[in-house]
Amino acid sequence: MITQQIPWVQVFRDSGKEEPQLLPNEAVQDMAQDVTYFCPFIGALSGTVLVTNYRLFFRCMDREPAFVLDLPLGVVSRVEKIGGASNRGDVSYGLVCKDMRNLRFAHKQMEDTLRKSIFEVLVKFAFPVSNGLQIYAFEYGQVFPENGWKVYDALSEYKRQGIPNESWRITKVNDHYEVCDTYPSTLAVPVNIPDEELKRVAAFRAKGRIPVLSWIHPESQATVTRCSQPMVGVNGKRSKEDEKYLQAIMDANAQSHKLFIFDARPSVNAAANKMKGGGYESEDAYQNAELVFLDIHNIHVMRESLRKLKDVVYPNIEDSHWLSNLESTHWLEHIKLILAGALRIADKVESGKTSVVVHCSDGWDRTGQLTSLAMLMLDGYYRTIRGFEVLLEKEWLSFGHRFQLRLGHGDKNHTDADRSPVFIQFIDCVWQLTRQFPAAFEFNEYFLVTILDHLYSCLFGTFLCNSEQQRLKEEIPKRTVSLWSYVNSQLEEFTNPMYVNYSNHVLFPVVSLRHLELWVGYYIRWNPRMRPQEPVHQRHKELLAKRAELQKRVDELQREVTNRSASSSSERTGSPTRSITPVQTFV
Amino acid sequence: MFSVKPTKPTFRSYLPPVQTDVKKTIESPPKKVEPKLLQGEIVVNEVNFVRKCLSADSSQEGLWGKLICTNFKVSFIPTDPPSEQKSHLSHLLLGLHDIPLTCLEQVVTVNDTKGKKKVLGSNQKLKFNPTELILYCKDLRIIRFCFVEAGPESAKKVCLAIAHYSHPADLPLLFGFEYQGRRYHDSKGQRVNDRGGLRTPIFDRPSDWDREIKRTGASEWRVCSINENYAISPSLPEHIVVPVSLADQDLKQNSIYFMNQRIPVWCWNHPNGSALVRMASIADPLQQRRIDQRFIPAITKSHPQRSEVIRSDLDKCLPNIQDLQSAFIKIRHICVIDSFEESEERWLSSIENTRWLEYVRAFLKHSAEMVYLLDGKNTSVILQEEEDRDLNCVVSSLVQLMLDPHYRSLVGFQSLVQKEWVMAGHRFLDRCNHLKKNDKDESPLFMLFLDCVWQVMNQYPAAFEFTETYLTVLSDSMWIPLFSTFLFNSPKQRAQYLMDFAKNKAIPQGEDQLVYFPPVWDWSQQYSTADQTLFNNPMFVGKGAACVQNGEVKTFRRTKKTYSATVRGTHASLRNGQKGGEDSLARRGSLLSELKPDFSLVKDESPSERFFRDWFSRPADQQSLLIPLLIPSHLALWKLYFLRWVPEACIFKGGPITAYHKLSQLVDEIEILQSHLRQYKGTRESGSTQLPGLSGPFSSQRRMYFKASSLQDPPSPPDFLTSSFPFTPSGNLCRRSTYGTPISKFLNGARIWLSTETLDNDPL
């Protein structure tokens with residue numbers, strides 16, 4: 001097989017190996033023997049620990065097969081020395097990870113008191129940003145056959161959607177991020193709003209995040225636009241320009257004389273924002289607009305919910321009260337509200353042929369979740385692997401979801417209130433959609449897990465920084481490798497063999513707890529009792545291989561028979577060499 | 001053959017032809033308002049201008065037509081049937097709007113203007129004219145009819161007739177007795193008298209048992225016929241399997257000490273020699289020692305390694321039949337009776353509170369423990385239950401399903417049900433409560449078993465030859481009183497009733513019961529050959545199926561030795577009777593005691609846990625032992641069964657069926673290619689120089705419901721693909737939820753005051 005000749009493919013598969021296969025520019029920083037790892041499933045294991053500038057590697061040779069733990073330091077959220085030295089002179093360390101697990105190690109008290117514990121060394125490399133070091137992604141430098149940084153080009157994506165057209169234009173007003181430093185440089189806006197007015201609208205929208213086009217319906221021209229909250233404040237400030245602007249968005253769609261504004265927040269939170277100068281559009285000021293609150297909670301609530309979920313699933317699930325414990329985390333309830341919001345947006349656009357404006361407070365967390373999920377439901381292109389990459393690059397990365405802040409890459413400040421699993425929650429929602437529509441997505445579950453793994457690993461540059469502007473400044477595309485380079489160089493791994501490319505299929509999921517499930521393949525994957533279920537698509541792959549094999553044999557035999565009949569019966573000239581279609585049609 | 005051309009039928013067949021010809025149906029638009037009646041079926045009462053509600057909320061939507069009560073079913077015939085009513089699974093004996101009387105759980109009449117409701121029983125009076133009739137069905141449907149435009153008296157009469165006829169006074173009054181009698185005589189002469197071509201062993205004669213003994217290599221066990229004519233036990237089958245070392249006389253003498261005289265009987269043998277045995281409790285505890293001394297050594301002796309015997313008393317460790325019934329009522333309530341929004345509120349904890357999934361898990365878990373004993377520990381196991389007719393059926397069949405891939409084939413599964421349920425004397429009549437006489441005996445044990453099977457299937461989708469549609473259809477068949485399978489409490493009862501039946505219907509003596517009263521396993525009674533392909537799982541990895549590893553196509557090695565436990569030798573360390581597992585965690589040092597609670601301790605691992613962990617650490621061979629994952633997070637609600645009628649829960653153009661659709665098409669393509677290949681090979685061998693006219697397999701031989709298509713993918717998935725497929729929620733779940741007290745509250749106590757008159761304080 002080809003994979004064996006390509007070193008980088010091996011790199012990610014070596015968890016079963018006893019020696020870590022070091023990546024380019026990865027260097028061992030420290031090593032310690034006789035370290036105990038307390039595996040919550042197997043028990044105490046004694047072995048060797050290796051720390052590099054990228055990973056922690058633990059190996060226990062006492063077992064058959066050898067036990068190996070190999071984790072990128074990027075997943076470490078917090079390292080803590082636990083308790084004092086015990087009577088046996090051991091010191092122990094706990095590692096809290098961002099990917100739903102906790103690890104615990106111990107080793108003998110150093111005899112040489114000047115020598116640092118390996119876990120102190122680990123702290124240094126786990127939090128490079130806090131220690132004035134470089135994130136490993138900048139050192140990695142692996143060359144892939146595909147260049148993932150070329151996946152997304154704003155202009156071609158707008159072109160794919162048919163923009164510019166008679167109602168929408170591309171503006172360069174934000175070319176140097178002057179109007180809005182958290183927005184991309186390329187924006188699509190209504191044709192009849194000149195750039196000067198855009199700037200005045202920006203003054204009325206939080207952080208200058210004006211309403212811009214995310215997606216346009218190819219037939220009805222109904223649009224999904226996104227923005228931040230209007231700066232209404234306690235006094236109910238209004239902006240003529242903003243009102244005119246929303247009217248222009250509505251007018252751009254001849255099918256409907258209404259505009260829906262979806263405010264992702266609970267109405268109470270939206271109202272509370274008035275105290276800070278923000279707020280929401282009053283229906284008096286915006287005629288023909290209807291405002292709907294979607295009741296999705298803020299980043300702090302989500303962080304707390306995932307923390308509770310971790311308590312419930314790691315390391316072990318209690319035998320009793322599983323469902324009520326799960327319910328008490330509210331995680332699925334939040335997932336439900338997000339999906340319900342996205343469904344309402346998709347339904348308004350598809351069935352109501354009505355344009356929608358989506359915002360929350362700043363328009364970079366909940367707004368991105370909602371627009372990208374609605375777009376996944378509405379547009380089959382985003383359900384392909386490349387389309388999904390484009391969706392992430394566009395709605396999340398270019399529109400300034402603050403990845404660095406939400407994830408805290410390389411930052412030791414684990415209590416930072418800006419951290420929140422907004423993106424994980426979005427990927428979970430996508431997984432829920434794939435569960436309800438198993439044939440509608442070109443990618444498989446492994447693709448989604450891989451994205452989440454490298455969200456933290458800091459191996460690729462994709463999820464570094466907070467905005468397009470920052471990424472440009474840091475020269476991320478030049479200095480790091482894109483996750484899509486890795487993914488697109490081995491698409492087969494991430495392909496769902498069940499995928500049917502229905503060109504015109506809008507997904508209307510059932511947003512009910514009856515169908516929403518906990519994503520066990522992600523959240524419970526550390527539990528060795530959780531052997532992945534015999535996946536349907538694995539069987540499908542086998543069948544595809546069998547079909548190919550049979551097709552080959554049929555073709556061979558067909559050639560053989562054709563040759564024979566041609567040579568032995570030259571008298572029957574012009575005997576039609578029926579070309580046999582691979583499969584006959586039966587409907 | 002005595003007639004060349006088909007004889008003109010002497011009766012009018014109301015059965016739709018098996019092979020439906022599309023053209024014919026188009027030519028004759030079905031505009032008749034006449035019921036389709038089976039042989040022997042008569043109309044009891046009918047009422048016109050009835051509106052059948054089609055959805056729960058809008059009281060406007062509905063279908064107008066005639067409501068009929070026959071001695072078999074409640075039938076609704078729309079005056080103007082909607083043209084597009086293609087149901088994907090069309091029952092040959094029941095129409096889209098038909099409900100067998102046996103399928104009725106509760107008949108509720110309502111008068112909205114007077115604010116009255118009544119649950120109707122047999123032979124009752126109704127003091128008000130009903131404006132609505134709500135039928136709660138055992139297959140979880142809720143059907144609602146509105147009488148606003150109908151004649152009040154006729155409406156009342158139909159309601160009373162439905163209530164009356166759904167409470168038959170005696171078993172032979174169930175319609176199956178009438179129907180099968182007529183059918184027997186009507187179709188006489190056309191039949192090949194060979195058990196109706198049934199491939200499923202019935203276990204009513206020694207040869208079926210003999211074959212099973214041979215198949216499993218149980219050489220130390222023999223078929224014993226002491227119970228011929230049910231001479232010993234009224235509920236055991238006539239032929240049972242016992243240790244070779246026990247003589248008939250011995251068995252007879254000791255049988256009196258067991259409840260129902262149900263002595264230990266053999267169920268199944270592991271290739272390593274351990275046996276699965278089931279028995280009833282010992283009636284007189286003083287005889288315990290005596291019995292133990294007789295039977296246990298005999299079972300040990302039948303083990304090639306003389307391995308020990310372990311007895312598991314299921315009454316002590318599993319929920320009882322009342323627990324199960326109450327859990328089922330609750331879960332059914334949450335799934336179909338409570339309003340969707342109401343139950344959405346705290347869905348997860350509500351499901352948990354029903355305890356249904358907990359019980360499903362308990363049975364699977366206990367069965368897995370038995371699997372460990374038989375496979376991992378190489379000991380024989382005796383399942384003991386007071387009567388040996390309920391919990392033993394569930395556990396014994398689940399154990400065999402996990403251990404023996406034969407039972408995961410369609411015929412194997414049916415033979416398992418036949419062996420461990422029907423012939424073992426599971427009281428289907430009482431547990432199904434077909435006569436609605438004794439609610440306290442009603443219990444959904446078979447349903448529980450099917451749910452357990454589904455859980456395993458859900459985790460190992462390639463391990464079963466059949467689909468969840470098959471399991472669902474099988475569960476529905478329990479409520480159609482036409483098959484001998486689910487009608488009786490024991491083989492003896494069946495023999496008695498069928499003897500009387502044969503006498504009454506002038507069926508010649510010596511005729512095979514299976515011929516004149518067939519079991520459910522003859523699926524052609526209910527579904528066309530084409531529809532039966534919905535039972536076939538495209539993913540099934542049968543013997544010799546290809547498997548791909550690292551891109552190479554390999555063939556599954558299927559030898560007898562794939563029961564790998566014999567090679568593993570785990571039992572060696574356990575044979576001394578010592579507890580194993582100490583070695584694995586011996587050196588957990590003092591450090592552990594310091595751990596903070598969030599680093600929870602590793603629990604002591606029991607030998608069976610270790611066995612499971614070992615098993616799970618290796619790739620599963622679908623054609624060998626299968627153990628389901630039993631972490632609570634891995635047990636799921638069986639959505640097709642519980643939610644198929646719920647319109648709000650129906651995913652349009654989605655659900656697992658979309659994967660099934662794609663897979664079926666792929667497998668069909670593979671089968672066409674295989675057929676081509678055979679034809680080419682035939683050409684080559686015969687030396688023919690002509691190109692074979694490539695034809696696919698005959699459509700009647702094609703195994704897949706969805707056929708291959710070389711056309712481009714259509715723009716969107718076909719409309720019929722919904723998560724309820726092949727069922728449709730439309731018109732099948734019309735709970736009353738719009739106003740007043742939810743009917744659910746009303747029905748909560750319904751079982752207790754089944755025939756209380758009205759609810760005066762029920763505000764409407």
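Keep in mind that glycine also has a Cβ here, set from the backbone N, Cα and C atoms.
Straight from TrEMBL, the features:
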type	residues	note
BINDING	A:N273, A:K274, A:M275, A:K276, A:N298, A:I299, A:C360, A:S361, A:D362, A:G363, A:W364, A:D365, A:R366	substrate binding site
DOMAIN	A:329-376	domain 'Tyrosine specific protein phosphatases'
ACT_SITE	A:C360	active site, phosphocysteine intermediate
REGION	A:558-587	region 'Disordered'
COMPBIAS	A:563-579	compositional bias 'Low complexity'
**OP:** Return the residues near A:W364 (substrate binding site), defined as same-chain residues 6+ apart in sequence whose C-beta is under 8 angstroms from its C-beta, sorted by sequence, else 'none'.
**Re:** A:T182, A:R209, A:S228, A:F399, A:G400, A:H401, A:R402
**OP:** Looking at substrate and its recorded binding residues A:N273, A:K274, A:M275, A:K276, A:N298, A:I299, A:C360, A:S361, A:D362, A:G363, A:W364, A:D365, A:R366, figure out the farthest C-alpha pair and report it in angstrom, whole number.
**Re:** 21
**OP:** Return the residue, from the listed binding-site residues A:N273, A:M275, A:N298, A:C360, A:D362, with the maximum count of other C-beta atoms within 10 angstroms of its C-beta.
**Re:** A:C360
Original post:
Under the DSSP assignment, what numbers of helix, strand and coil residues are found in the domain 'Tyrosine specific protein phosphatases' (A:329-376)?
Top reply: 32 helix, 5 strand, 11 coil
Original post:
By a simple count, how many Cβ atoms lie within 10 Å of the Cβ of A:R366 (substrate binding site), its own Cβ left out?
Top reply: 29
Subject >> For A:N273 (substrate binding site), the three-state class that DSSP assigns >> reply: helix
Subject >> Model confidence over the domain 'Tyrosine specific protein phosphatases' (A:329-376) (mean pLDDT, whole number) >> reply: 98
